[in-house]
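J.: As listed in Swiss-Prot for this protein:
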- 1-88: region 'Disordered' (REGION)
- 1-10: compositional bias 'Basic and acidic residues' (COMPBIAS)
- SER23: phosphoserine (MOD_RES)
- SER25: phosphoserine (MOD_RES)
- SER27: phosphoserine (MOD_RES)
- 37-48: compositional bias 'Basic and acidic residues' (COMPBIAS)
- THR47: phosphothreonine (MOD_RES)
- SER52: phosphoserine (MOD_RES)
- 147-166: region 'Disordered' (REGION)
- 153-165: compositional bias 'Polar residues' (COMPBIAS)
- THR165: phosphothreonine (MOD_RES)
- SER168: phosphoserine (MOD_RES)
- 239-517: domain 'Protein kinase' (DOMAIN)
- ILE245, GLY246, VAL247, GLY248, GLU249, PHE250, GLY251, VAL252, VAL253, LYS268: ATP binding site (BINDING)
- ASP361: active site, proton acceptor (ACT_SITE)
- ASN366, ASP412: Mg(2+) binding site (BINDING)
Amino acid sequence: MAFRQSEHEMSVTSLDSSVELRSRSPSPQVFNPRKLRFADDDFDKDTPEGASPQHPLQQRPKLSSGEEQQLDSKIGKEGGDGDVSMSPPCQKVRALRLFSTPATPKTILQKSTTQCSNHLSAAAAAVNASRRSDDLFRLSERPRSLPLHNRKLPTQDTANVNPFTPDSLMAHNKKRCRTQFGRENLNLNVNAMQKYLLSDACDDDVTEEAGDSMREIHQQAPKRLALHDTNISRFKREFMQVNVIGVGEFGVVFQCVNRLDGCIYAIKKSKKPVAGSSFEKRALNEVWAHAVLGKHDNVVRYYSAWAEDDHMLIQNEFCDGGSLHARIQDHCLGEAELKIVLMHVIEGLRYIHSNDLVHMDLKPENIFSTMNPNAHKLVEVQPQQTKDDDGMDSVYEELRHSENLVTYKIGDLGHVTSVKEPYVEEGDCRYLPKEILHEDYSNLFKADIFSLGITLFEAAGGGPLPKNGPEWHNLRDGKVPILPSLSRDFNELIAQMMHPYPDKRPTSQSIFSHPILSAVDSKSKLQLGLELTVEKRKNEILMNKLREAKKQIKLLEQRVNLLAVTNNPDSLDGQRCLRSFTRRMRTPFSSHGKFDSISDRNKNVITNI
């Protein structure tokens, strides 16, 4: 018993000495360590005024078992629900506990979190020391744990950035030092993060400023949205599937009818889920290219795209004429029809090249045709009075029964890339030039010209094309066979487009202005008749507008004259006199075809002249 008392006295003595050492040491301006002041607030309340309160380690109030349980529950509430209490469970052990007492791993982890919160609170106090002294004392006495990984950053609306838009291409063209860009972003991120973390101890203005800085970070460094984040259900809800148009390597194309507008569309759906796979970038690349290039008459029109069940779906224009590949399976095309194909495709290709983009997969399977839906309507509304004068009765009759009026369009833009920052994925080797297979991307425009030239060669009867072997090399070494069904000029043009050196191939603009594609030679009689009908219809509409404009001008003149008369009553009398005088002057002589009784100077009456 004596040994226990001496041990207790030694522990109390050590505690007293530690308290004295802390009291003698000069108080620094930094935050003091956390003190074990358990139930100290209740003890201070019970101390009468004027009496000096004793330290809780020297004299502690005697508590009953019920009060002890209430005290422990109060301490547990201050520590937080579910957190391990920093205080020992027993009052005697609590009095003997020092800061260097070993603790469990959970308490060590909680201490580290507390120290981190103390550090953040100190930084916040350094910024706002003049205005928030009370909050600093509260933070130093009872620091609050602040888990950084649970901090919720402000949610932002995000969207993809299309790399094929003119703004994106201009942004890529601006050269900028990587180190400078990294430093600016680093400074912006650090400053914004500091402001945001200290927002609890700062004013609302600082919080708003930090939030704005974080928004600037999100806007300046956009991320590509994954397909998982954009999954929506539209296919079965908005469209009714009619049949399958075609099946490719990566997707299936359906002919669908929109339930709302009743129009027919072609919806391309990927065969396999592309979200998170290696084909995700290619699917997004096709959507971006369609969104930028789908505004030309010779490019398949784009309407919308979405991700559904991790599959990519693209809503495009429905081309009722099918592909050029299906068209040349039955018969080879003649020179007249090949000129039409070349004229339409080169117009679409020239539009793509004008946007600093290249197709990189031009072939008969990716060239589609559509019938002109307005050809028969324009013939029906043609005025009857003009048919007798223009001598085009046979043309109109041929237009009524014609089904050969087609427009060729370029589709399947999955391999489209920019010439300034090319990301080339090789397409069909049967239509690619040698330099692309050798990874020479210095002249990508001419690669599309080669693909178009060999496509015309196949459509004219030069197919099927080989995938390898001597014949494959001969076609790329300038040894192009002469096709007997084509003229000499057309054979020479195809040979120039398939020249082994890219620099010697013609551009899309030079092909468009080639003499072989003149306005008269490249258009058939049916197309000329259709264009004539369209122009006459336009003239008729303009004439109707001119008549309406003349009527409006006449009404305005009458209103102006009426206003002038009402404002000037004197002018009204003058106008009346003038009208009466002019009316008298206009009155003819009263004669009925003969002069009746006209007298002369000699007073002789002349009758019956």
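Just so it is clear, glycine is given a Cβ too, placed from its N, Cα and C backbone atoms.
It should be emphasised that the depicted structure is a prediction, and the values quoted were computed from it without experimental measurement.
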J.: By the DSSP assignment reduced to helix, strand and coil, which category contains ASP361 (active site, proton acceptor)?
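T.: ASP361 (active site, proton acceptor) sits in coil per DSSP, no helix or strand.
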J.: Expressed to the nearest Å, what is the distance separating ASN366 (Mg(2+) binding site) and VAL247 (ATP binding site) at their Cα atoms?
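T.: That separation, Cα to Cα, works out to 12 Å.
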J.: Roughly how many Å separate the Cα of ASP361 (active site, proton acceptor) from that of ASP412 (Mg(2+) binding site), to the nearest whole number?
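T.: ASP361 (active site, proton acceptor) and ASP412 (Mg(2+) binding site) have their Cα atoms 8 Å apart.
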J.: GLU249, ASP412: which of these binding-site residues has the highest Cβ count within 10 Å of its own Cβ?
T.: ASP412
J.: Restricting to the domain 'Protein kinase' (239-517), what is the model's mean pLDDT?
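T.: That stretch averages a pLDDT of 84.
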J.: Starting from the Cβ of VAL247 (ATP binding site), draw a 10 Å sphere and report how many other Cβ atoms land inside it.
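T.: Total other Cβ atoms inside 10 Å, all chains included: 10.
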J.: What's the CA-CA gap between ILE245 (ATP binding site) and ASP412 (Mg(2+) binding site) in angstrom, rounded?
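T.: About 14 Å separates the two Cα atoms.
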J.: Work out how many Å separate ASP412 (Mg(2+) binding site) and VAL247 (ATP binding site) at their Cα atoms, rounded off.
T.: 12
J.: What does DSSP call ASN366 (Mg(2+) binding site) in the simple three-state scheme?
T.: helix
J.: Helix, strand or coil: which one is VAL247 (ATP binding site) in, per DSSP?
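T.: SS state of VAL247 (ATP binding site) = strand.
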J.: Given the recorded ATP site (ILE245, GLY246, VAL247, GLY248, GLU249, PHE250, GLY251, VAL252, VAL253, LYS268), which additional residues of the same chain have their Cβ within 8 Å of the Cβ centre, ordered by sequence?
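T.: Near the ATP site, beyond ILE245, GLY246, VAL247, GLY248, GLU249, PHE250, GLY251, VAL252, VAL253, LYS268, sit LYS269, LYS271.
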J.: Looking only at ILE245, GLY246, VAL247, GLY248, GLU249, PHE250, GLY251, VAL252, VAL253, LYS268, which the record lists for ATP, tell me the maximum pairwise CA distance in angstrom.
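T.: Across ILE245, GLY246, VAL247, GLY248, GLU249, PHE250, GLY251, VAL252, VAL253, LYS268, the widest Cα separation comes out at 14 Å.
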J.: Work out the three-state DSSP category of VAL253 (ATP binding site).
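T.: DSSP call for VAL253 (ATP binding site): strand.
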J.: Measure the Cβ-based neighbour count of ASP361 (active site, proton acceptor), defined as the other Cβ atoms within 10 Å of its Cβ.
T.: 21
J.: Where does ASP412 (Mg(2+) binding site) sit by DSSP, helix, strand or coil?
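T.: Where ASP412 (Mg(2+) binding site) sits, the three-state DSSP reduction gives coil.
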J.: Restricting to the same chain and to sequence separations of six or more, state which residues have a Cβ under 8 Å from that of VAL253 (ATP binding site).
T.: VAL244, ILE245, GLY246, VAL247, ALA266, ILE267, LYS268, LYS269
